[in-house]
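Report on one structure; see the data block that follows.
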Amino acid sequence: MTTFGTIEQAMAEILAGRPVVVVDDANRENEGDLIFAAELATPELVAFMVRYTSGYICASLTEDDCDRLDLPPMHHTNQDRRGTAYMVTVDARKGVSTGISAADRARVIRLLADPSTTPDDLARPGHVVPLRAREGGVLRRTGHTEAATDLTRLAGLRPAGVLCELVNDDGTMMRVPDLERFCAEHSLVLVTIADLVMYRRRTEKQVELVAEARLPTRHGDFRVAGYRGDYDSAEHVALVMGDLGDGRDVLVRAHSECLTGDVFGSLRCDCGLQLDTAMELVAKEGRGVVLYIRGHEGRGIGLLHKLRAYQLQDKGRDTVEANLELGLPVDARDYGTGAQVLYDLGVRSMRLLTNNPAKRAGLEGYGLTVTERVALPVQSHPENERYLRTKRDRMGHLLG
């Protein structure tokens, strides 16, 4: 049986200058990262990390610190499949030799964590990889990048952490049984990102319920709840029907905003049909939630960028090709704020209305349980045939 530590134990270890091991969800990377506080970096800690990890040492920083230190993205289009935000690599400009030694890397890591460091103190490129953590931490993105800044901040230190993936002697990634043995051998605390999410949920609130009212629709009467996110400032809406707190799984649709499909009835996508069908199914069941997530227009690229992508699609590109040609991610959505709204409404386990497996994984990463994926019907016609085919063949949607 795997023995995980508590987040409080991990915080105490980090504050004492010791590393911890953090593992993410089995549906995500399913990897364990060695993490310690950047401001407490020593040559010994870096050497230990190099010995037992891939050696690709990263330093997770807040968005503000990345901007203050003039750390631009490694590439203008982030095509990393997990959305890890790699910045241009750095070394210390002074006080180092080649930059690759444990002592040299410990020095630049401490510089990155020091609020008095200026852009001129850093040389580019270098041997340490800064990562840009999402504002809101693991409540916005359940990655090791955000776990590193969250744990150091919660420990009372600067929100800057050092991280690298633990590997076996043969170079394969350590999974939970390997991580458990490693932690036992080296007396390290092992925690999960899911537990960090739950800890922050217990101690912090990231969404605010602003207003509630009755909303009569052609599908029946819903209770409409309006929320504002603390970090994204977007205004999200949940249509609620029935009692959500009776212990049964809740039928849920987490719907991404789509002005063209939801409001104007565009035939280029199936968004409007999915929204209407979700409301109908929840009303038929008499219990459930239709969550309308703002800021997801065009899979997160925004309305005007979506219209630019439409221009390219009119010239023969598919929806994936168009985004990439514009230098935009294929899918920039995160479900952290939406998951917090569902949690605040009382949802703990759900039957999720979606054809997109990534949406299921996105919500489960925030401590919600999806017991069943409920497929939504698909209507193919000449205007959306290629779009649906691309979603199925290139984005992994389950369209039957």
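These residue numbers are counts, starting from 1, taken along the chain as shown.
Every residue gets a Cβ built from N, Cα and C, even glycine.
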Out of CYS183, CYS258, which does Swiss-Prot tie to the same Zn(2+) site as CYS269, CYS271?
CYS258
The GTP site in Swiss-Prot lists ARG253, ALA254, HIS255, SER256, GLU257, GLU297, GLY298, ARG299, THR319, THR354, LYS359. Which one of GLN274, GLN340, GLN379 belongs there according to the record?
GLN274
Rounded to whole angstrom, what's the largest C-alpha distance between any two of ARG253, ALA254, HIS255, SER256, GLU257, GLN274, GLU297, GLY298, ARG299, THR319, THR354, LYS359, listed as binding GTP?
23
Compute the C-alpha separation of GLU165 (site 'Essential for DHBP synthase activity') from HIS144 (Mg(2+) 2 binding site), stating it in Å without decimals.
9
Looking only at Cβ atoms, how many others are within 10 Å of the one on ASP331 (active site, proton acceptor)?
21
Go through the recorded positions HIS127, HIS144, ARG253, HIS255, THR354 and tell me which ones have a CA within 10 A of the CA of ARG333 (active site, nucleophile).
none
Hey, which of the recorded positions GLU165, GLU257 is the loneliest by Cβ count within 10 Å?
GLU165
How many Å separate the Cα atoms of THR354 (GTP binding site) and HIS127 (site 'Essential for DHBP synthase activity')?
42
Surrounding CB atoms that lie within 10 Å of the CB of ARG253 (GTP binding site), all protein chains:
24
